[in-house]
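One structure is given here, and the rest of the page talks about it.
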Amino acid sequence: MDILIENATIITCNTQNEVLKGDILIKSGKIARIAENIELSIYEQACVKVIDGKDLIAMPGLINAHTHCGQTVLRSFADDLPLYEWLFEKIFPAEEKLTKEMIYFSSLLGIAEMLKSGTTMFFDMYFHEDMTAKAVQQTGIKAVLSRGLQTDEKEDLRLDETKELIYNYSSDKIKVFFGPHSVYTCSYELLEKVAQLAQEFKTGVMIHLSESENEVNGCYEKYDMSPVKLCNQAGLFDTICIAAHCVYVDDEDIEIMAEKNVSCVYNPTSNLKLGNGFAPVQNMIKSGVNVAIGTDSAASNNNLNMLEEMHIASLLEKGMYRLSDILNAQQILKMATVNAAIAAGINKTGVLQEGFCADIVLLKANDFNMLPCYNPISNVVYSSNPSNVYATIVDGQILYMNGKLFTLDEEVLVKEVKSIEKFLRESV
């Protein structure tokens, strides 16, 4: 069914950064018109769902540009640890116990949380990624998926799984990238192979890059260069490349990223929680690097709440640089929407504009924490939380509205997740 959102406050995120008061007409999954007082024909009145937007803020759906949805069942499993201990001593051993079915329900759990907090697309790297793809198909959210790659005896099998994902799941809602995990888990030869395959399959790459001091120091010891320079030399930057974290990048690294159009995904909460420090986001932006925002996984965040992530992202940079006017609310919102779309080479989303996909979030503007509203964008970035989300719409389909998810059974999901929790408590 087509949708008419009437008399809403519309945050467009377009090039003019317009905030409008008016109607949004959605037809066949696209934004057909944005105007004041759109009138429907008699025929349209019978087949268009009308939403009263008088007390709603309409904005582009949020895009979580880095997460591991299949890891959601490891929320609170291992906290207050440094990255390498957290990863190698806790998370990797637990992941060995996860079955394909567990990854499916873990992905559903993550997607449910994201839909309820206004996310309409996410970028993901994990194993059994076909299960995450099935969860995406079931729920109607959008995703860029990658099978995590690393160097060991199963390296070729994982590459084949990526190719199968491309063949079996590529669609209007799902893009598949190659996903080398990092320079410390992948050999140089694997990085080169991934670069060649990404070009052969006309797709992109996502990788964890310069996340910790240990990673950077280890890369210098092994290759006598930074992770950024290593990836560039291996050819990873000769295709679309999304680099998560980029906490320990110097001016030369940033210059390479800008020159090669490498996008950085800023994950402030995860970086803080794992004690990895602060990404020099302002320096990257000044140098022309496209920067998006991600939550990372629920195992290291511990939530997938992009509304909160925007808030923290802005405040952290202001405090780090001691400049209150950097990464303002408008910049942050664009990083969480259109910049993420640009990072993945995806057109027609991230902006509320005629002809674009109807990927829209509606927020309740009259909730107490959203009043008064002198500046709707500031309220979204600095004041909002998931309780303010009234509806999440993807390709014109209402996936969540007024507390209800329409494409999954919440009771069954809770039961399955608790069963996985019991299993992991007893087996790890």
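Note that Cβ sites are derived from N, Cα and C of the backbone, with glycine treated the same way.
These come from TrEMBL:
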- His66, His68, His208, Asp296: Zn(2+) binding site (BINDING)
- Glu95, Arg147, His181, Glu211, Asp296: substrate binding site (BINDING)
- 57-398: domain 'Amidohydrolase-related' (DOMAIN)
Legend entry - Conformational class of His208 (Zn(2+) binding site) under the three-state DSSP mapping: strand
Inset, instruction - Calculate the distance in Å between the alpha carbons (Cα) of His68 (Zn(2+) binding site) and Arg147 (substrate binding site), and round it to a whole number. - result: 10
Inset, instruction - Within 10 Å of the Cβ of His181 (substrate binding site), how many other Cβ atoms can you find? Include all protein chains, please. - result: 19
Inset, instruction - Please report how many Å separate the Cα atom of His208 (Zn(2+) binding site) from that of Arg147 (substrate binding site), as a whole number. - result: 13
Legend entry - Nonlocal neighbours by CB distance (under 8 Å) for Glu95 (substrate binding site), same chain, sequence gap 6 or more: Gln71, Leu74, Phe127
Inset, instruction - For Glu211 (substrate binding site) and Asp296 (Zn(2+) binding site), determine the Cα separation and express it in whole Å. - result: 12
Legend entry - Inter-residue Cα distance where the pair is His181 (substrate binding site) and Asp296 (Zn(2+) binding site), in Å: 13
Inset, instruction - Can you grab the distance from Arg147 (substrate binding site) over to His66 (Zn(2+) binding site)? Cα atoms, rounded to a whole Å. - result: 13
Legend entry - Additional residues surrounding Zn(2+), by Cβ distance to the His66, His68, His208, Asp296 centre under 8 Å: Thr67, Met125, Ala244, His245, Val265, Asn267, Ser270, Gly294, Ser297, Ser300
Inset, instruction - Give me the non-local Cβ neighbours of His66 (Zn(2+) binding site): same chain, 6+ apart in sequence, Cβ-Cβ under 8 Å, ordered along the sequence. - result: Phe123, Met125, Met206, Ile242, Ala244, His245, Val265, Asn267, Ala292, Gly294, Thr295, Asp296
